[in-house]
Amino acid sequence: MNVLQLTFAILKPHIMKNPISLEKIQKIILTSNFKIVKSKRKIITLHEAEEFYMEHKDKFFYNRLVTFMTSGPSDLYILAKENAIKDWRTLMGPTKVFKAQFEAPDTIRGKYGLSDTRNATHGSGM
């Protein structure tokens, strides 16, 4: 029996400002056999970003990340697929864009990431 798994994904603000990149990433999601269960476009509030990234509060990049994530609209998705979490994380590629561009250039972050903060996507780890 095949069991669908859900995962949460965000396309970050710099992707939203580039309609061609946005369309290409959406196509990658669908052609990778993910089902978009729910989607929402919104500007994440400061409070939401602070709560969402609370695990990083004491890290040097926290303020930069929260500021960036509230800088414009993001697309939020609930994706479904067998092994959705693992497959989405593989499709995104490494968090560090430099590593993604050299070790996994065909991933979303390898193609569309600009920096470690502006790395195109977020994916829940569980």
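Glycine is treated like the rest: Cβ placed from N, Cα and C.
Quantities reported herein were computed from a predicted structural model and do not represent experimental measurements.
Here is what TrEMBL says about this protein:
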type     : residues                                   : note
ACT_SITE : HIS122                                     : active site, pros-phosphohistidine intermediate
BINDING  : LYS12, PHE61, ARG89, THR95, ARG109, ASN119 : ATP binding site
DOMAIN   : 4-125                                      : domain 'Nucleoside diphosphate kinase-like'
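Locations of recorded TrEMBL features on the structure.
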residue: LYS12; record: ATP binding site; DSSP (3 states): coil
residue: PHE61; record: ATP binding site; DSSP (3 states): coil
residue: ARG89; record: ATP binding site; DSSP (3 states): helix
residue: THR95; record: ATP binding site; DSSP (3 states): coil
residue: ARG109; record: ATP binding site; DSSP (3 states): helix
residue: ASN119; record: ATP binding site; DSSP (3 states): coil
Can you tell me how far the Cα of LYS12 (ATP binding site) sits from the Cα of HIS122 (active site, pros-phosphohistidine intermediate), in Å? 7
Which ones, of the binding-site residues PHE61, ARG89, THR95, have a Cα no more than 10 Å from the Cα of the residue listed as 'active site, pros-phosphohistidine intermediate'? ARG89, THR95
Across the record's ATP-binding residues LYS12, PHE61, ARG89, THR95, ARG109, ASN119, the largest CA-CA distance in angstrom? 21
Can you tell me the mean pLDDT for the domain 'Nucleoside diphosphate kinase-like' (4-125)? 97
Hey, of the binding-site residues listed (THR95, ASN119), which one tops the CB count within 10 A? ASN119
Take the Cβ of ARG89 (ATP binding site) and count every other Cβ within 10 Å, whichever protein chain it belongs to. 19
How many other Cβ atoms are found within 10 Å of the Cβ atom of PHE61 (ATP binding site), counting all protein chains shown? 12
